[in-house]
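TrEMBL annotations:
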- B:1-25: region 'Disordered' (REGION)
- B:14-25: compositional bias 'Polar residues' (COMPBIAS)
- B:32-59: transmembrane segment (TRANSMEM)
- B:89-114: transmembrane segment (TRANSMEM)
- B:89-299: domain 'ABC transmembrane type-1' (DOMAIN)
- B:126-146: transmembrane segment (TRANSMEM)
- B:166-185: transmembrane segment (TRANSMEM)
- B:231-252: transmembrane segment (TRANSMEM)
- B:278-300: transmembrane segment (TRANSMEM)
Amino acid sequence: MKTRPNYAAGIGSFVWLLIVAIPLYVMISGTFQTREEFGDNGPLSFPSSFTLQNYADAITSGFGRYFLNTVVVTVGVVAIVLLLVPPLSYAIVRSRSRGASFVFRFFLLGLAIPAQAVIVPVFYLINAVGLYDNLLGIILPTAAFALPICTLILSGTMRDITGELYEAMAMDGASPARAFFRLVLPLSKGGISTIAVFSALQAWNGFLFPLILTQSESTRVVTLGLFNFQTQYGINIPGLLAAVTLSMVPVLLVYLFARRALVQGLMGAGGK
Amino acid sequence: MTTLATRRQAAPGGSTTSRPARSGASSVGRPGFAWALPATIFFALFALVPLAAVAVLSFTSWSGLGDPEFVGFENWETLIADPVMLKSLWLSLLFIVLGVVTQTPLSILLGVWAAGNQRNRAILSAIYFIPLLLSSAAISVLWRALLDPNFGIPGQLSWLFGDGNLLGTQSGAIGVLIFVGMWQFTPFHTLIYQGAAKGIPTVLYQAAAIDGAGTMRQFFAITLPQLRNTAITSIILMVVGGLTTFETVLILTNGGPGTDTTITAFYMYQEAFQSFDFGVGSAIALVLVVVATLISLVVVKVSGYDKMNSSLEGL
């Protein structure tokens, strides 16, 4: 249909490419340079030597531990979300009780509550139950705040299961639990992987809850480690860039091997 | 199976009579409310109860140790008289407006452009996407390093950036925060628009082309109106995101210079967790909830979004 190339769009997209790519180039190339070289030649210059020392420095300065903590938090959050959201969505989509439609509206309302708004009482609560400076203290509120969007996503998926399938199950005398495990879960695989990725990203990238609910090095997660590294060794820019790059690697792997699930997980509420 | 088929065939004729029987039969296999309970209780405990608690705490004085002490309207009086609070609200508004104004046109253009199916567009889209793989904390740390006055890009390109201390002035610091926000969030909104633009029926463009409409005309007469609902979703997300921006401010400017980039969300953190005045912090948090809800309601109302049930369901 289009007849002539759109030069304005071509130039615009090229300019944006530079804006996106130059910082990423500096980020990657900086990690392979020594501090002296980076300082002398400036961030935009081409690396003339090659070193992996910055990655070694980042890992020995504690990032190994931080990664382990973040993995624990991520696994915990995903586990809670996968345990709670499918039965909830099932009830929202299939239950005839008035409570279920009330619950759906309740979670829609929950979308509007920013985590910052409740951080003080959450801090109080976590302290009161003795989970301050404990990874579980990060896991619980992070999982809770992932619930509304996950519920929306999974309810959307479950709505697509046709009534005939349920009726066929009921005809065979299947209980709601049996229908849930034999019909609903297998047919909601796409939605379930989306909410798993979405909640994993929330946990992996989470900053506010760890910042406020932990303090010691043994419970530090990667995002806080980056912040801490920056305030302590702000002058060691190649080391800092190596730490930033390392923090991206797991997400990059998911991007390379499960692109569709990652994009949908990233989109969350925006994706529809 | 045969009963199911016959009943379905009979339905159009006697739908009123068959309805109660049908629901009676099928509610046997339906889950009860109990299925929703665990998640609901869990969410209430960490979101709804705290929301009520924040309202109560805003009338107390609490330093984090011991128990909160009831002080009436004292925190609210402090806040109303506090020039930093007022300034933070204006700054938040400025952040939201500048964020929406910079990100929306850019992501619409990029999204529509990327929705085309030329091969180079797919490759460029993959590169545009990369900032989404980084956390807010990582992006803020990255830009802080890139903008370092001594070792960063401004130092190397001093003909462009002058003395290179971009974060030293209010306009510079705001500009940097808006730019970093754009760098971080445009890919996300581009994806939203790209998905929506791909969904616009090609028939519309073919009809317009037959009527002699050029590319520009097609963009304004078809593409933009078709993206309206998407734009509302995207803008609501930008507004709420802008209002609650936190990592970027903490890591890049720490609210400075002075209080020149102390937006309300960051001021709440400072009052509660740096000055240990949790009462005032809670009051600011409550303001934040009210403002977030109001803005969302206004956007929904102005746009007529609330009248579109199906879109809301899909959100």
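The backbone N, Cα and C atoms fix where each Cβ goes, glycine too.
No curator has checked TrEMBL annotations; they are predicted automatically.
Here the transmembrane segment (B:278-300) does not lie next to the transmembrane segment (B:126-146) in space: the count of CB pairs under 8 Å, restricted to residues six or more apart, is fewer than 3. Most Cβ pairs under 8 Å with the transmembrane segment (B:126-146) belong to B:231-252, among the candidate stretches B:32-59, B:89-114, B:166-185, B:231-252. If you look at the transmembrane segment (B:32-59), the same-chain residues 6 or more away from its ends with a CB under 8 A from one of its CBs are 68, 70-73, 75-76, 278-279, 282-283, 285-286, 289.
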